[in-house]
Amino acid sequence: MLAESGAEHLSWGIRSWALLVLFVPGEAATMGENAVPSNMAELLVVRHGETSWNVLGRLQGHAESDLNEAGKKQAQAAAEKLASMGLEFAAIYSSDLKRALDTAQAIADKCQCSNVIVRENLRERCLGDLEGLTRSEARTAAPEALKAFMKNNDFLPIPGGGESLEQLCVRVQNAFEQIASGSLGKRVVVVTHGGVLRTAHILATGLPCSGKVVNASINVFRISDEKDWTITCWGAASHLQDIGFLDTGFGGDKLSG
């Protein structure tokens, strides 16, 4: 597992449209074009739509924050994108946190999938004492937790019951491989969180992803019965070009959660 650290972003809530069409070159050619081999599962992994706390720069973790109006539109746009692909999805899985579940339900309704399978192990990283705070607030209210969050140490848990990066990595690997093992030869949709997606990128490539994990972006993983991971599409977001997404850290950078 590779730890990540970086400088704090100083402003929140700016939404970007300009780079959407450049975000994933050739995304249409990499999502769902080829049949899924019988020894693999294809996971179309979607980050939840934007929340009110994303805009405010509040660390969410396992705490609840509802989709805002932009987030509801993003969830609907992701749902319409997936439905338009003409693919059969064997199941839709979701984190049990409401921001993910609401996004997953929008996808299920549009793709005419009868139910959403809820998995607690698809939750965002637990951020302990930081949950509900901005980083500015945390400097006073939870300084030790903030230090742990910012440190380049995979094995250091966040005070207040938070997870270390290593614990998150093990959880995400187990969650994705459990879904894949029950879905060989099939496509499934998985709705989860930015921290989970960043961790999955490391598991698949050995490297951190560059840039942000955009709210309601679509990312395609294939996992074999031998537990080999590949990414066939990362950060597809053309479906958001009329809505936009956060152009700040809490659009899904390595210090958001």
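Here, residue 1 is simply the first one shown, and the rest follow in order.
In case you wondered, yes, glycine gets a Cβ from its N, Cα and C as well.
Per TrEMBL, the features are as follows:
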- 1-28: signal peptide (SIGNAL)
- Arg47, His48, Gly49, Glu50, Thr51, Ser52, Trp53, Asn54, Arg99: substrate binding site (BINDING)
- His48: active site, tele-phosphohistidine intermediate (ACT_SITE)
- Glu124: active site, proton donor/acceptor (ACT_SITE)
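Here the features listed in TrEMBL are painted onto the structure.
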residue : record                                          : Cβ neighbours (10 Å)
Arg47   : substrate binding site                          : 31
His48   : active site, tele-phosphohistidine intermediate : 30
Gly49   : substrate binding site                          : 30
Thr51   : substrate binding site                          : 23
Trp53   : substrate binding site                          : 22
Arg99   : substrate binding site                          : 29
Glu124  : active site, proton donor/acceptor              : 25
Extra residues within 8 Å (Cβ to Cβ centroid of Arg47, His48, Gly49, Glu50, Thr51, Ser52, Trp53, Asn54, Arg99), substrate: Gln60, Ser65, Asp66, Leu67, Asn68, Gly71, Asn215
Glu124 (active site, proton donor/acceptor) versus Gly49 (substrate binding site) - Cα distance in angstrom: 14
Maximum Cα-Cα separation (Å), residues Arg47, His48, Gly49, Glu50, Thr51, Ser52, Trp53, Asn54, Arg99 listed as binding substrate: 15
Alpha-carbon spacing, Thr51 (substrate binding site) to the residue listed as 'active site, proton donor/acceptor', which is rounded to whole Å: 14
